[in-house]
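S.K.: Pulled these from Swiss-Prot:
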ACT_SITE  His102  active site
ACT_SITE  Asp105  active site
BINDING   Glu233, Glu269, Asp297, Asp340  Mg(2+) 1 binding site
BINDING   Glu269, His272, Asp308, Asp310  Mg(2+) 2 binding site
Amino acid sequence: MSEYYDFNKMEYIGNQKGLKAGDGFHYYNPDELIQGKKMSEWLKFSVAYWHTMDQRLVDPFGDGTAQRPWDKFEDPMEQALAKVDYMFEFLDKMNVEYFAFHDRDLAPEGNTLRETNANLDKVVDKIVEKMQETGKKVLWNTSSLFTNPRFVAGGATAPFADIVAYSAAQIKHSLEIAKRVNSMNYVFWGGREGYESLLNTDMKLEQEHIAKFFHMAKDYANEIGYTGQFLLEPKPKEPTSHQYDTDAATTIAFLKTYGLEKDFKLNLEGNHAYLAGHTYEHEVRVARDAGLLGSLDANMGDKLIGWDIDEFPNDIYEATLVMYEMLKNGGLATGGLNFDAKPRRQSFTMEDLFLAHTAGMDTYAAGLRVAAKLLEDRVFDSVIEDRYSSFKSGIGADFENDKVTFKELEDYVIDKPQSELIAATKSGHLEQLKSTLNNYIFTVLGK
């Protein structure tokens with residue numbers, strides 16, 4: 001493979017050569033076994049094409065600062081084709097097997113959808129060649145139904161039939177690409193599938209339309225023989241004020257309302273969880289409990305900032321708890337950990353792209369190590385079992401097994417004094433649990 005970057009391939013070095021980040025992985029050792037599986041199998045890391053190849057590091061108040069070697073190509077198609085080479089070398093040097101992309105990440109649009117598809121197919125042809133050459137894989141692909149001005153009021157939920165038709169045609173071609181590249185999953189993120197005001201919105205009709213749209217998408221996938229897992233990615237707001245896939249619970253309710261729960265799982269992002277007022281681990285738990293945990297977009301936000309900043313993950317506490325949920329789920333099946341993340345605006349060099357991905361991979365690898373030890377020692381399991389132990393016998397078991405009515409429950413407690421009711425409760429020992437979690441993090445990672 002040609003050398004486009006003056007950086008060495010990232011390998012596992014542990015902490016023996018010092019603690020400064022950047023020379024290799026301190027915690028991510030791809031072939032090391034964790035609970036009987038290689039770390040690389042638990043952590044199917046993926047590089048996001050849009051942030052890595054296309055992101056200019058703009059913010060709402062300033063132009064982009066990113067300095068990228070492919071900027072030397074002035075012709076849009078020439079640059080698009082060159083980016084494929086840069087992307088695959090980046091994957092190789094980062095020791096990452098997977099990548100993800102939107103259709104519009106790959107190639108410039110033409111004046112018509114036919115022209116746009118032709119541009120896209122040229123780039124996909126090259127991607128397929130590089131995949132065959134390198135063995136790299138597509139974790140998931142998706143379509144951008146939010147960037148172009150035609151999607152001013154949404155794609156599948158647009159109040160304009162022509163735009164809904166265009167959205168369907170764009171998804172159709174994107175699904176055909178998914179089959180060509182053997183994409184393991186196909187993601188729907190409703191960037192503008194929501195509303196700004198109820199004053200001009202038929203909310204019920206829009207949700208019925210997007211449900212119909214999803215059924216049609218699945219029907220077409222079946223028709224062409226594409227078998228990848230369909231995923232929905234929740235987000236509460238931005239760019240719209242109210243998005244229909246607000247959070248995991250709302251999205252699951254939507255899927256069940258419209259009979260889509262057998263065809264879809266969830267792709268959950270850390271920063272989106274914050275915007276919804278939840279922790280990342282909460283969203284993962286909700287999906288896991290529903291049997292609909294599909295994949296993870298590994299990023300984080302700033303809890304002091306109220307918008308989506310897509311920062312590379314560095315919070316070991318959060319990573320540990322998310323990995324704990326993933327292990328409890330038995331892994332992510334066809335899903336993985338896609339870095340839907342970008343360096344900070346002041347981190348504008350190519351070196352920063354390598355360092356940021358290294359940091360994110362090490363953070364989740366460290367979290368996986370701690371989570372595995374927590375599970376092995378049954379730290380939380382034993383506490384939870386004891387906390388709910390009153391439902392194993394007596395009136396609790398009767399309640400659990402549907403053997404009592406409200407009247408019988410009333411008879412049981414009607415004459416119990418307050419002192420007995422208080423005595424039946426137990427301390428949650430939350431401070432002790434949080435401190436224990438800290439101790440596991442310090443101890444496991446200190447080895």
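Just so you know, the numbers here start at 1 and follow the chain as drawn.
Note: Cβ is positioned from N, Cα and C throughout, glycine not excepted.
Mind mapping these onto the model and telling me what they sit next to?
M.R.: His102 (active site) falls within a strand segment according to DSSP.
Of all Cβ atoms in the shown protein chains, 23 besides its own fall within 10 Å of the Cβ of Asp105 (active site).
On its own chain, Asp340 (Mg(2+) 1 binding site) has Ala48, His51, Glu269, Asp297, Ala298, Asn299, Asp310 as residues at least 6 apart in sequence with a Cβ closer than 8 Å to its own Cβ. Secondary structure at Asp340 (Mg(2+) 1 binding site), as computed by DSSP, is coil.
Secondary structure from DSSP puts Glu269 (Mg(2+) 1 binding site) in a beta strand.
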S.K.: Of His102, Asp105, Glu233, which recorded positions come within 10 Å of His272 (Mg(2+) 2 binding site), going by C-alpha to C-alpha distance?
M.R.: Glu233
S.K.: Here the recorded positions are His102, His272; which one has the lowest number of other Cβ atoms no more than 10 Å from its Cβ?
M.R.: His102
S.K.: Non-local Cβ contacts of Asp308 (Mg(2+) 2 binding site) (under 8 Å, 6 or more apart, same chain)?
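M.R.: Same-chain residues close to Asp308 (Mg(2+) 2 binding site) (Cβ under 8 Å, separated by 6 or more) are Lys235, Glu238, Asn271, His272, Leu275, Gly301.
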S.K.: Looking only at Glu233, Asp297, Asp310, which of these binding-site residues has the biggest number of Cβ atoms within 10 Å around its Cβ?
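M.R.: Buried the deepest by this measure is Asp297.
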S.K.: Taking the Cα atoms as reference points, how far is His102 (active site) from Glu233 (Mg(2+) 1 binding site) in Å?
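M.R.: Between the Cα atoms of His102 (active site) and Glu233 (Mg(2+) 1 binding site), the distance comes to 14 Å.
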S.K.: Distance check, please: Cα of Glu233 (Mg(2+) 1 binding site) against Cα of Asp105 (active site), rounded to an integer number of angstrom.
M.R.: 18
S.K.: Give me the sequence-ordered set of same-chain residues, not including Glu269, His272, Asp308, Asp310, with a C-beta within 8 angstroms of the centroid of the Mg(2+) 2 site's C-beta atoms.
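M.R.: My list of surrounding residues reads Lys235, Gly270, Asn271, Leu275, Asp297, Asn299, Gly301, Ile309, Asp340.
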